[in-house]
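Participant: Copying in the features that Swiss-Prot gives for the protein in this structure:
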{"type": "BINDING", "residues": "His15, Asp164, Ala165, Lys166, Arg230, Phe231, Asp239, Arg245, Lys246, Ala262, Lys266", "note": "ATP binding site"}
{"type": "BINDING", "residues": "Asp17", "note": "Mg(2+) binding site"}
{"type": "BINDING", "residues": "Glu43", "note": "K(+) binding site"}
{"type": "BINDING", "residues": "Glu56, Gln99, Asp239, Lys270", "note": "L-methionine binding site"}
{"type": "REGION", "residues": "99-109", "note": "region 'Flexible loop'"}
Amino acid sequence: MAKHLFTSESVSEGHPDKIADQISDAVLDAILEQDPKARVACETYVKTGMVMVGGEITTSAWVDIEEITRETIREIGYVNSEMGFDANSCAVLSAIGKQSPDINQGVDREDPRELGAGDQGIMFGYASDETDVLMPAPVTYAHRLVQRQAKVRKNGTLPWLRPDAKSQVTFAYDQGKIVGIDAVVLSTQHSDCIDLPVLQEAVMEEIIKPVLPAEWLTKETKFFINPTGRFVIGGPMGDCGLTGRKIIVDTYGGAARHGGGAFSGKDPSKVDRSAAYAARYVAKNIVAAGLASRCEIQLSYAIGVADPTSIMIETFGTEKVSHDIIVDAVRQNFDLRPYGLIEMLDLLQPIYKKTAAYGHFGREEFPWEATDKVEMLRDFANFK
């Protein structure tokens with residue numbers, strides 16, 4: 001591919017779908033703190049004045065779902081009815097059942113190492129050397145824009161900002177290399193007291209310029225800041241939100257394939273989540289080791305079966321050693337059974353609420369972002 005454009009988007013923690021994701025993962029974390037072996041599939045729906053939390057949970061833990069929900073909304077910043085949503089006054093409904101025993105009998109085993117996959121499915125992981133976090137640049141910078149929006153909202157730099165926001169960044173490439181940013185879109189909810197020209201200038205100076213590298217911005221770069229002219233009604237008052245509806249934002253911004261399974265609200269026995277994390281871990285270590293510049297991993301599973309039904313590795317012609325060597329290195333050095341994924345990445349910890357906004361990948365605080373297999377891979381491939 002010669003010259004081309006590629007675009008990715010992100011949304012803020014105050015976006016309705018992300019509110020739902022964060023509530024689902026906050027419930028998961030609270031349960032895992034008490035019962036690491038719990039089975040959790042927690043879904044959330046939010047709309048004006050109400051939250052519904054439902055799903056299937058089997059656990060010895062007791063958690064206060066209403067208080068967890070309110071505290072999560074409070075932390076995001078919806079604490080005033082003028083915003084259309086208020087953590088202190090919204091209704092919280094709960095509809096929780098237990099995991100089906102038909103599923104459970106296929107997952108749990110006498111030998112925990114033979115833990116079966118919680119469902120069938122396909123999962124992808126990806127890494128690229130175009131950023132320092134080995135992620136595609138468009139989604140990386142889209143996340144950073146809405147993270148910056150939240151920061152200047154919460155620290156009072158721009159006190160008229162409100163929690164809901166979206167970003168979109170279009171990068172220009174030539175022969176696979178970034179040559180600049182073609183377009184930037186940032187839409188942010190705001191109070192009724194701010195004029196559009198003032199908002200646009202403040203967003204440019206306090207959000208966009210501090211985030212996007214100056215060398216990629218040119219006089220041809222197009223900026224669209226609140227292009228509708230008004231964004232006062234937002235959050236759950238503007239749109240309903242559902243868990244699992246931002247799966248491309250959560251992953252690679254469309255730069256890699258996606259198996260279709262969402263992450264939030266699912267315990268690590270669900271390979272939709274744990275295997276996607278493991279696939280990212282494997283791909284990132286391959287790229288960090290220098291064995292390829294780009295790497296995509298596909299894993300697949302059958303419900304109740306421990307071993308993956310397939311492993312596929314694609315390096316897009318960027319491999320520096322034989323493709324067969326890379327495949328052998330992965331098969332012989334990574335345990336990709338559900339138990340192996342959980343042990344390898346220490347996934348029974350209550351770490352998931354932090355993942356539920358601004359992307360699950362490219363953030364060094366998460367264990368699947370470690371590059372601790374680099375030397376092993378280089379030694380195996382005899383690559384120095």
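Each residue, glycine too, has its Cβ placed from N, Cα and C.
Computed from a predicted structure; not experimentally measured.
Give me the structural setting of these features: burial, nearby parts and distances.
Facilitator: For Lys246 (ATP binding site), the same-chain residues 6+ apart in sequence whose C-beta sits under 8 angstroms from its C-beta are Val11, His15, Asp17, Lys18, Asp21.
With a 10 A radius on its CB, Asp17 (Mg(2+) binding site) counts 24 other CB atoms from all the protein chains.
A strand conformation is recorded for Glu43 (K(+) binding site) in the three-state DSSP classification. In sequence order, Ala20, Ser24, Val53, Gly54, Gly55, Leu242, Thr243, Gly244, Gly265 are the residues near Glu43 (K(+) binding site), counting only same-chain partners six or more apart with C-beta under 8 A.
The number of other Cβ atoms within 10 Å of the Cβ belonging to Lys270 (L-methionine binding site), over all protein chains shown, comes to 23. Secondary structure at Lys270 (L-methionine binding site), taken from DSSP and collapsed to helix, strand or coil, is coil.
In the predicted model, residues of the region 'Flexible loop' (99-109) average a pLDDT of 56.
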Participant: Distance check, please: Cα of Glu56 (L-methionine binding site) against Cα of Lys266 (ATP binding site), rounded to an integer number of angstrom.
Facilitator: 10
Participant: When DSSP states are folded down to helix, strand and coil, where does Ala165 (ATP binding site) land?
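Facilitator: Note: Ala165 (ATP binding site) is in a strand by DSSP.
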Participant: At the level of the C-alpha atoms, what whole-angstrom distance separates Arg230 (ATP binding site) and Lys270 (L-methionine binding site)?
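Facilitator: Rounded to the nearest whole number, the Cα-Cα distance is 41 Å.
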Participant: Taking only the Cα atoms, work out how far Ala165 (ATP binding site) lies from Lys270 (L-methionine binding site), in Å, as a whole number.
Facilitator: 30
